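Participant: Sharing a structure, written as structure tokens. Questions coming.
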Amino acid sequence: MLRFLVFASLVLYGHSTQDFPETNARVVGGAEARRNSWPSQISLQYLSGGSWYHTCGGTLIRRNWVMTAAHCVSSQMTFRVVVGDHNLSQNDGTEQYVSVQKIMVHPTWNSNNVAAGYDIALLRLAQSVTLNNYVQLAVLPQEGTILANNNPCYITGWGRTRTNGQLSQTLQQAYLPSVDYSICSSSSYWGSTVKTTMVCAGGDGVRSGCQGDSGGPLHCLVNGQYSVHGVTSFVSSMGCNVSKKPTVFTRVSAYISWMNNVIAYT
């Protein structure tokens, strides 16, 4: 939320015509996901005043490791991960709650420059979760994999369902086809803000991420199987669902080696 406030203050101080990247993305223009249809999706929650609050999404990649966005985490806060959840406001009977034991942010991440990339972090859980029909590990792409333009993808999360709207209590999904780097980095889209280590998806002005989905997965259908190709990173500060401003994700396939090393040696 701090990053949201930073960008909001830029708008308040007379920069409303500029297009800053806005982190903390959420699902806009989507629909409620079928219960537990995305079993690698997690809710990252922080402790405040004795209560837990959803702040970001994430992806279960090992029984005791979660992948999320670097801008979602802080060493000054206490976090937990909830797996197997669908409705955050009620007990579904399928949830597992696990404390975050260690936060590993990519060493090149710069919290003052989200557009530089490296918006990825791994969370080591205090204990391994139990895999079942409601909790599964994500399939990750091979290192270096690049999505074809217009590849079918879905974003999922509990974020806002419209710009400046309320958080969703039930998991939402929205169809966001991928946008090729050559298009997304063109001057009529994101320009030089987008890097080759990112994935763009959507941009139709209707469906997008928005504040609250950050850190969550972009599930893409490749060779008949859904795999997580993106970590939700930022949207336009002009609004979540702005035409030709696709939701931008950290490209998972650019960080496979880094993640494998962190997991092996941490």
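Cβ coordinates come from backbone N, Cα and C, glycine included.
For 1-16, the entry in Swiss-Prot reads signal peptide, with the evidence type experimental evidence. The domain 'Peptidase S1' annotation in Swiss-Prot covers 27-264 and rests on sequence analysis. Look at Swiss-Prot and you will find Cys56-Cys72, Cys153-Cys220, Cys184-Cys200, Cys210-Cys240 tagged as disulfide bond, backed by sequence analysis. Marked as active site, charge relay system by Swiss-Prot: His71, Asp119, Ser214. The Ca(2+) binding site feature in Swiss-Prot is assigned to Asp85, Asn87, Gln90, Glu95; the stated evidence is similarity to another entry.
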Participant: Look up Asn87 (Ca(2+) binding site) in the DSSP assignment and reduce it to helix, strand or coil.
Facilitator: strand
Participant: State which of the following recorded positions has the fewest other Cβ atoms within 10 Å around its Cβ: Asp85, Glu95, Asp119.
Facilitator: Glu95
Participant: Since the record lists Asn87, Gln90, Ser214 as recorded positions, which of them has the fewest other Cβ atoms within 10 Å of its Cβ?
Facilitator: Gln90
Participant: Taking 10 A as the limit, how many CB atoms besides its own sit near the CB of His71 (active site, charge relay system)?
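Facilitator: The answer is 23.
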Participant: Measuring Cα to Cα, how many angstrom lie between Asn87 (Ca(2+) binding site) and Cys200 (disulfide bond)?
Facilitator: 28
Participant: If you measure from the CA of His71 (active site, charge relay system) out to 10 Å, which recorded positions from the list Gln90, Asp119, Cys184, Cys200, Ser214, Cys220 are inside that radius?
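Facilitator: So the list reads Asp119, Ser214.
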Participant: For Cys56 (disulfide bond), identify the closest of the recorded positions Asp85, Gln90, Glu95, Cys153, judging by Cα separation.
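Facilitator: It is Asp85, whose Cα lies nearest.
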Participant: Compare the C-alpha of Ser214 (active site, charge relay system) with the C-alpha of each of the recorded positions Asp85, Glu95, Asp119, Cys200, and give the closest one.
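Facilitator: Looking at Cα distances from Ser214 (active site, charge relay system), the smallest one goes to Asp119.
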Participant: Which of the recorded positions Asp85, Gln90, Glu95, Asp119 has its Cα nearest to the Cα of Cys72 (disulfide bond)?
Facilitator: Asp119
Participant: Inside 8 A of the center formed by the CB atoms of Asp85, Asn87, Gln90, Glu95, which other residues of the chain have their CB, for the recorded Ca(2+) site?
Facilitator: Val82, His86, Leu88, Ser89, Asn91, Asp92, Thr94
